[in-house]
Amino acid sequence: MEVLRQMLVHKANNSSMSTHKGLNRTEPVRMTYDHCELLGQLSTLNFSAASNTFSSGYNTTIKGSAPKTIQTVSSLFSKDITKAMSDIGNLVARMFPTASAERAAVILDITVFGFIADDLLEDAALSSDSEAFDKLHMLMLRLVRNDSFSEDEYPEYQNLIRFTRPIFTKFQALASRTLLNRFAYTYQEYLQGVQWEASLQPNQIPDFETCKNVKRHVGAWLCYFVLAEFAREIEVPITVRGNLEVQKFVTLACDIASYDNDTFLLKKEIRDGVVSNTIVITYLHGAKRLQDALDRILEMRKQTESEILAITSNLPHFGKDDKVAREYINALTCVIGGNFEWCSKTTRYQDPK
């Protein structure tokens, strides 16, 4: 990609980049971060170039389970946490259109848990207390793995435990042990990405590739891709998941979903001072205007979409596993297509009144 090549050249020429001896990594670039300047450009942004090729569908069974889940959340958590949950049923309905009513309900609950966990982790007081932050991380992993532990260890999170325990007990009952372990592993990777994102400072901007690689995990897309198998009641063998073309497809699908979230969250994240948005990073690494940075990311998304379509048109044959491989690819395209449709329409990402 020409845009990416230019970014990497810019990074290589930036004298403020420093490499630790013996370590294959670079420190974030220290550069001026003018929050007011970014805020001033929000009103002129044009998102009309955002488009999506991947279709999904709509799972009508979610309509029955979503209100009950939202009601339970409202009874256990603050209004600040629950205010953005009203539309979450539409996200799951679009990403997992073929899931049975029973499995769709579990996926909905897991997704709600993920949103609640995100809100808890974003608490400013928690992020400044590393011990408390790590404690919450450990609790979340224990809940996702459905481990046995004394709830007395977490008096401040009784409502989170009360809400989450039944979800992963049900998930464990329906999913294979392998699928459960894979989900727990991807969720642990996701939490590490969240921790990295929380460590960023406005005057320490990571390079574009580092940010993109981490955001493949921060967006929890690998978790959703495991849930896509669960929704279709399939388990993709390692011979398929380990195939280089399939691995490339998964990576590109993560990138597209991250680009979409960054696009539709852009205004909110700029207001919140978030610097890990790839559009913001593109702007801070040399784009003259925020609109230029947005257009670059949308162009990269378009090219990534073309690469995905090329892979799906030329998938290798997997013998007896060929049917499940193709269903897996179809399931992942539903996830990214449904995410785009939801992000572009949900009130969660609209301008505040």
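The backbone N, Cα and C atoms fix where each Cβ goes, and this holds for glycine too.
It is 118-122, from the ranges 98-102, 118-122, 193-197, 208-212, that Swiss-Prot records as motif 'D(D/E)XX(D/E) motif'. It is 261-269, from the ranges 9-17, 72-80, 261-269, 297-305, that Swiss-Prot records as motif 'NSE motif'. Among the residue ranges 238-245, 310-317, 342-349, the one that Swiss-Prot annotates as motif 'WxxxxxRY motif' is 342-349. Nonlocal intrachain contacts for the motif 'D(D/E)XX(D/E) motif' (118-122), taken as residues 6+ away from its ends with a CB within less than 8 angstroms of a stretch CB, comprise 80-81, 133, 136, 160, 194, 198. The candidate set comprises the binding-site residues Asp118, Glu269. Of these, Glu269 has the most other Cβ atoms within 10 Å. If you draw a 10 Å sphere around the CB of Asn261 (Mg(2+) 3 binding site), it holds 21 other CB atoms from the protein chains shown. Of the recorded residues, Asp118 (Mg(2+) 2 binding site) and Glu269 (Mg(2+) 3 binding site) place their C-alpha atoms 14 Å from one another.
In the motif 'NSE motif' (261-269), helix, strand and coil residues by DSSP number 9 helix, 0 strand, 0 coil.
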